[in-house]
Amino acid sequence: MGVKGLLFSIVLINLSLLGLCGYPRKPVDVPFWKNYEPSWASHHIKYLSGGSTVDLVLDRSSGAGFQSKKSYLFGHFSMKLKLVGGDSAGVVTAFYLSSNNAEHDEIDFEFLGNRTGQPYILQTNVFTGGKGDREQRIYLWFDPTKGYHSYSVLWNTFQIVIFVDDVPIRAFKNSKDLGVKFPFNQPMKIYSSLWDADDWATRGGLEKTDWSNAPFTASYTSFHVDGCEAATPQEVQVCNTKGMRWWDQKAFQDLDALQYRRLRWVRQKYTIYNYCTDRKRYPTLPPECTKDRDI
């Protein structure tokens with residue numbers, strides 16, 4: 001190989017490394033079928049524009065759900081949702097990541113419907129090693145039924161960040177040094193579902209689903225997945241190799257100054273419940289609540 005050939009090979013290697021680390025790919029709009037498949041009640045799922053948009057439908061007989069075809073350990077996952085409009089009390093739309101075992105890990109978006117004119121509540125939760133009870137609830141700063149908005153999760157070995165339209169609404173930091181489990185080794189699939197939860201979803205179950213408004217429809221598009229596929233112990237080991245992917249890089253190990261300002265804005269203006277400030281429930285705060293300046 002001549003000098004020119006050697007230089008060309010070096011350039012190719014460097015370009016391939018850039019694909020692995022340093023530069024996150026922007027969300028790519030891909031059809032539903034590329035990454036997802038129905039998980040239950042497929043007859044209540046509608047496919048529009050060749051699968052670029054998908055509607056989940058809830059009526060008295062059933063809701064519906066879908067899941068990713070593959071499992072992932074770390075990455076960036078997003079989709080755009082338009083929630084059920086009108087009187088949606090009792091109706092829950094969920095977008096979450098979860099492993100499939102007893103001591104499971106899970107990262108939740110749960111959109112809790114409400115009476116007409118009353119705002120949606122977005123509840124997030126993080127389960128590690130089977131332990132959850134880390135609820136946070138916010139109002140959104142827009143009407144999520146009028147158009148599509150992006151909801152995403154960044155998950156690496158340092159933190160889990162939950163975003164709404166690129167605004168961080170929650171950061172769950174790795175607090176393993178404080179004895180708090182963190183999702184390192186259990187690959188998770190991505191799920192979404194629409195179902196009736198009027199026993200708890202709206203005002204603790206006081207507001208019931210008004211079935212005269214059925215069918216209820218939640219609409220999805222932009223099914224973006226950029227994660228490390230992990231179906232075997234060997235693949236889990238590869239995904240845990242730090243520095244291999246863009247989400248391992250320094251820029252993604254913590255929020256930047258602008259993201260912290262945006263998170264504080266959400267906390268001050270829109271947060272209505274945070275388990276880390278619930279002294280009645282937790283007279284002694286959970287360890288992870290004392291660690292980070294964003295809590």
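Every residue gets a Cβ built from N, Cα and C, even glycine.
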Selected from CYS239, CYS276: Swiss-Prot disulphide partner of CYS228:
CYS239
Out of GLU106, ASP108, THR124, ARG281, the recorded positions in the record, which is closest to ASN114 (N-linked glycosylation site) when you go by Cα distance?
THR124
Quick one: Cα separation, ARG281 (xyloglucan binding site) versus ASP108 (site 'Important for catalytic activity'), in Å?
21
Distance from TRP200 (xyloglucan binding site) back to ASP108 (site 'Important for catalytic activity'), taken between C-alpha atoms, in Å:
16
